Each structure stands twice: as structure tokens, then as C-alpha cells.
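First the structure, in the form of C-alpha cells, and then the observations on it.
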Amino acid sequence: MTAMRIALFVGVVLLASGCVVHTRPRPRPGPPPPPPRPSAMSYNEAVDRGFGECRARRYECRLKEAHQTGRDIWKVKFFASAPGARGHLHLEFDAYSRDLLRVDEKVKARRDRDHDDDWDDDDDDDDHRHGRGRGKKRGHAKHDD
């Protein structure tokens, strides 16, 4: 019986040692990966956004050029006109966030030559060359002394 007790005791010890589980602390998870970067704006999208900005300013626009500088900026340039004015509208968009970064708006009133009667600025009110201006000099400079 002692042999049986020894065998039973050895069996219990072996079984007990097999059930012991060593636990290790789990490693902390790293920071989550950053969200994927949105895709860059295409040429057509940049031009469409440019036309939208042009319409918002109430201009008639004609595309002059559009190009991407580096990877992040779209430059879109227009010939812009409005009743009685013309010029250009240059826009810059961030290619990824699609934000409008810069606007260069140079649209000026046109000078209408047909309605500018007093072009010489000599205070001539009657337009019959009777103003206070000296007019065109005639002859040589030695005779003006």
C-alpha cells in the first residue's frame, strides 16, 4: 500500500505542476495607426472648385491655366470679367484638405475711351480747344525764349 500511496502522491504532484499557468502581463498596445490620408484633388476637381469660386464672386471666367505645385497646392488661374470690368482671378487650393488657401483677385473697371471726353486734363470744359492748356508747341525751342 505504501507503493500505491507513493505512486498516487507522485501522480498528484505531476498533475498539479501541469496545471500551474504562468501569466505574463500583456504588452500595451501601441497608438492606433493614423487615418489614411485622403486622396489628392484631381485636375478636374481643382478646376471645378475654381469655377465655383468664380461664380460666387459673380464673374464670368475663362480658364487660363491650372497646375499642381509640388504635391500639396493646386494653382488655378482665370481671366475674369464682369459688366464694365475685367482682369484675373488666381486661386490656390490645398490638394488634400481642399481648403481655399489664397485668392488674388484683380478685376478692375475698364476705361471706356468713347466716354472720356476730357482725356488731356487741361480743364477744357467746352472741348473746342479753348481751355487753359498751352497746346502743342510749334517751331524750334530757340524761338520760345
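Even glycines carry a Cβ here, placed using N, Cα and C.
Note that TrEMBL annotation is computational and uncurated.
As recorded in TrEMBL:
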REGION    22-43  region 'Disordered'
COMPBIAS  28-38  compositional bias 'Pro residues'
COMPBIAS  106-116  compositional bias 'Basic and acidic residues'
REGION    106-145  region 'Disordered'
COMPBIAS  117-126  compositional bias 'Acidic residues'
COMPBIAS  130-145  compositional bias 'Basic residues'
Same-chain residue ranges lying at least 6 outside the region 'Disordered' (22-43) that approach it to Cβ under 8 Å
49, 66, 68, 71, 74, 93, 95-98
How does the compositional bias 'Pro residues' (28-38) divide up by DSSP, counting helix, then strand, then coil residues?
0 helix, 0 strand, 11 coil
